[in-house]
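Enquirer: My questions all concern the structure below.
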Amino acid sequence: MQATEANFDGLVGPTHNYAGLSFGNVASQNNDKSIANPKMAAKQGLRKMKQLADLGFKQGVLPPQERPSMRLLRELGFAGDEAGVIERVAKNAPELLAAASSASAMWTANAATVSPSADTHDGRVHFTPANLTSKLHRAIEHESTRRTLRAMFADPSRFVVHEALPGTPALGDEGAANHTRFCAEYGAKGVEFFVYGRSEYRRGPEPKRFPARQTFEASRAVAHRHGLADDATVYAQQTPDVIDAGVFHNDVIAVGNARTLFCHQLAFVDQKSVYDELRVKLAKLNGEFNVIEVPDAQVSVADAVSSYLFNSQLLLRGDGRQVLVVPQECRENSRVAAYLDELAASKAPIDDVLVFDLRESMKNGGGPACLRLRVVLNEAERAAVAPGVWIDDTLFTRLDDWIEKHYRDRLAPADLADPKLLNESRTALDELTQILGLGSLYDFQR
């Protein structure tokens, strides 16, 4: 059956700020306490969505989550009226207010792991929201993620949106940022590729400086839950040294799609064996596997992390060629820029590079790949998606006007203590659910 890959980008929320919450994420740490521009951040992301939609790629949008999360603050023991709660948290535990106010749900690569209907045991598209247990500000996302996905993918005969895995370090799950899929064509059965940083129960190498956020046990549980065949599933461990260098998710060191894996030379433990297993399993499904491996001598891990070369989108055009979508920072690093020029001029499957300014997201450690959740859909499944979330000229204009109306153009850490920010955010989100036609998604609407 004919199918295509759709990308659902997270719309940056009104409380976008820099609080340095993500240990192991170099950009997040380096920009702690910087001044953010939520309006610019949201418009940069929206422009990327629109340009890719204009090029013919299927492009949807995921709404922001409600922030600050009053539910979290009340669960942590702060009682009283909302303005009073925010005032007391800001005074006594500002780090908790920062966590409750984070707009990190914009990075929808961490929203869930998705398996298309061609791969699953029951012929439905399966979603497992990521529990994101490694960080407080992200561990509060999965309930809202599940609610949003169930509103967007509501037909139970075609879609299954599971609960997140249990929230324990043994099952730490970071979603699609550590997952990709290879296939001969989107509508055919493919090979699903899960990458983990450590195992809870198996002995093996682990990073020493920064935590490994994804466990083997979580990856395997998601594969089992989705009903994936063992002979079409591959697990690989991310190299501990690259995690210690700031590669906190696999999508900072590798990206794959269809028949191609684009990765750094040092991405995986026992890298050749990983390639061999992917090649053999894909060949059994009549697919040819191509690897574009970037030598460390040409682009170092440090360059990969600072430029986010691999936190790119690898998109398949209708003619079978592939396009790499990279952040502007790749052109500002001379070694990475030289490599990309060489790649585009070669006969590799990737023969075009698109560059986007996503500076506001990048300063928090999120490039093009972080901002999108990939969902392979056949024609009937695509028709069953909530119709108001697909980017076109009309929706782009409405969202651009909505951002202009509701978002601040400056947000400092101290501004999180302003109770008016909560009301501004709720007013914006209430209007957004009407624009997207998603009903009452948020706690304050219920």
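Including glycine, each Cβ sits where the backbone N, Cα and C put it.
Okay, so Swiss-Prot annotates it like this:
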- E174: active site (ACT_SITE)
- H249: active site (ACT_SITE)
- C370: active site, nucleophile (ACT_SITE)
- 19-28, N110, 137-138, R213, D251, N364: substrate binding site (BINDING)
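Looking at the shown structure, can you explain where the listed features end up?
Expert: The 10 Å shell around the Cβ of E174 (active site) contains 30 further Cβ atoms across the protein chains shown.
DSSP assigns H249 (active site) to coil, not to a helix or a strand.
There are 26 other Cβ atoms within 10 Å of the Cβ belonging to C370 (active site, nucleophile).
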Enquirer: Between D251 (substrate binding site) and C370 (active site, nucleophile), find the distance joining the two CA atoms and give it rounded to the nearest Å.
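Expert: Rounded to the nearest whole number, the Cα-Cα distance is 8 Å.
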Enquirer: Which one is closest to R138 (substrate binding site) in space, judged by CA to CA distance, out of the active-site residues E174, H249, C370?
Expert: E174
Enquirer: Listing them in sequence order, which of the recorded positions A19, N110, E174 have their Cα within 10 Å of that of C370 (active site, nucleophile)?
Expert: N110
Enquirer: For H249 (active site) and A19 (substrate binding site), determine the Cα separation and express it in whole Å.
Expert: 19
Enquirer: Using the alpha carbons only, what distance in Å do you get between A19 (substrate binding site) and E174 (active site) once rounded?
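Expert: With distance taken Cα to Cα, E174 (active site) is 20 Å from A19 (substrate binding site).
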